[in-house]
């Protein structure tokens with residue numbers, strides 16, 4: 001594995017993935033004078049529009065990966081579902097940041113939860129469902145309501161199912177659940193009744209500097225993030241606990257780059273507790289507000305971290321709200337353009353599909369005096 | 001001439017010029033989901049790094065211009081010295097904004113000054129020096145100290161000369177001056193003793209909406225902008241007068257896009273007066289602070305205007321300072337990266353040359369309470 005580099009201002013960053021996150025990473029790199037090369041199997045990748053060097057190839061195409069690695073000074077990614085072999089192949093050639101070990105752990109919900117609990121951080125009760133045979137025992141242990149999730153490749157509510165009710169489940173019922181999730185290893189999680197969903201977006205560089213953005217309160221619709229708000233309406237204690245969790249995770253991973261920890265604020269015997277839902281080893285939708293609401297954005301922090309540059313100390317301009325434009329909601333862009341203080345970000349995606357993330361709006365609200 | 005379009009979010013903007021201004025325009029367009037195609041004769045143009053479509057060709061290459069025009073939905077430019085024929089050639093194919101008439105007037109210092117004074121706006125005393133034969137009469141009229149400037153293609157102090165002293169000038173002296181400036185039409189301007197140099201960056205769209213950024217105070221070193229500060233330390237009356245001047249010019253030009261008016265604040269018989277130095281029909285270095293100090297940047301305003309979209313209502317985050325990184329000063333970037341509230345912009349220019357604009361830093365200063 002290559003050590004993290006310290007890039008000069010003429011360096012080129014390789015980004016795996018050509019969606020809106022890759023696009024916004026490339027824009028942040030450009031602000032800092034750095035070049036980007038985007039690799040994605042999709043020739044219509046929105047990120048291609050903002051860089052001069054692109055590779056259209058499958059992530060398992062070793063010839064393309066080799067050329068890509070030769071053209072760049074460091075490799076990063078916009079999504080955590082990069083095949084493990086791709087990360088390993090590339091990391092023999094150039095530094096891959098965050099490192100492939102982080103990917104391996106966070107790609108598997110079970111190893112992720114084991115890792116988090118190993119740090120003494122709370123998560124919802126969970127049980128491994130390695131095979132169909134484990135299902136009944138897991139349900140007995142965790143109870144219902146609970147959520148069964150595939151261990152790999154789930155996002156935005158895909159690859160998961162709620163288990164409700166308390167009528168006994170027949171073998172046929174269990175078979176149905178198992179088949180519905182594709183007959184693959186799963187994890188069963190106790191359903192958590194939370195006071196709010198929140199996240200911490202944090203950055204760490206190889207020198208060990210850690211900078212966390214303020215805790216963000218998140219509101220989902222159909223498992224897709226709809227609105228983020230800062231400051232989160234939580235107690236100073238819960239805020240401090242959330243930040244402490246992010247710092248612990250950053251250090252334990254020797255993390256280089258930006259990540260998000262999705263959290264639940266729960267009440268446990270009259271006491272507030274912060275539980276980790278999951279870790280996203282990348283820039284995160286709930287950090288988009290930082291583009292307009294803070295003096296340095298999550299995208300720039302990620303680029304600084306993987307470039308081996310000092311991280312920014314994020315100062316917040318004021319209370320900020322981020323609204324995702326999903327599907328045809330993007331057609332409202334002109335209304336938001338005319339709203340004072342609103343900042344519109346569109347991703348240049350051609351096709352509007354229901355629920356597709358087409359853009360977002362950041363509202364920096366006037367400060368109360 | 002094509003009418004100003006109203007672009008859809010999948011449109012492509014053509015930009016003539018591949019320097020840092022074209023680069024930052026393209027980045028602002030990308031934020032709004034728009035694609036850009038950059039045309040520049042220089043294969044090492046920094047703006048090429050942030051767009052997928054580029055044309056390397058001379059601005060007089062009509063075949064290349066034709067292909068370029070066919071690929072884009074609207075044409076704009078990052079510098080005012082586009083050959084007039086280029087603008088005319090393109091405007092027969094696609095809307096060119098700001099329109100070629102604006103270019104024609106502002107490319108010639110004399111017609112620019114005539115235009116401004118025609119609006120009842122003050123400028124320093126000036127005289128036309130069409131030929132060598134006009135020189136003595138002009139100096140007699142305007143006096144010394146005064147500045148002689150070529151009517152065309154001057155920038156950052158190039159193509160100008162101070163005339164000082166009061167010893168009579170011989171014909172040989174006048175010949176020398178004339179030859180030094182390349183024996184081309186000039187304008188002689190009375191030297192103005194100003195209290196401060198300032199500018200207004202303003203945007204206007206085809207619907208007639210005008211939005212001005214706060215007046216900016218500018219500090220030059222060797223004729224190159226070094227520092228801009230907002231708010232400018234001027235009276236509310238001078239501020240209002242400066243804004244009024246920008247609005248008048250915007251309307252008189254039926255301007256579409258962003259421009260800057262460079263101004264002098266002078267004392268005239270105990271009274272403050274605002275004089276126009278020159279107009280830059282494009283985004284301007286003294287508006288770079290808007291990237292971090294306001295809720296919408298000058299680059300985004302320009303893109304909105306030429307796209308036929310509503311302009312943003314710029315709100316300022318706080319007192320802001322912009323510092324240009326000239327030549328080897330760019331090597332200080334790491335120091336600025338570590339400074340809380342400072343935002344570093346590097347242009348991705350390879351070669352460091354003395355006085356070359358390599359980047360800038362915006363400092364959003366904490367507000368006094």
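Note that Cβ sites are derived from N, Cα and C of the backbone, with glycine treated the same way.
Just so you know, TrEMBL annotations are computer predictions that nobody has curated.
Lifted from TrEMBL, the feature list:
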type	residues	note
BINDING	A:109, A:149, A:154-160, A:189-192, A:197, A:220, A:277-278	ATP binding site
DOMAIN	A:113-307	domain 'ATP-grasp'
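Residues within less than 8 Å, Cβ to Cβ, of residue A:158 (ATP binding site) and separated from it by at least 6 positions along the same chain comprise A:223. Across all of the domain 'ATP-grasp' (A:113-307), the predicted model scores a mean pLDDT of 95. Look at residue A:158 (ATP binding site): DSSP puts it in coil. Secondary structure from DSSP puts residue A:109 (ATP binding site) in a helix.
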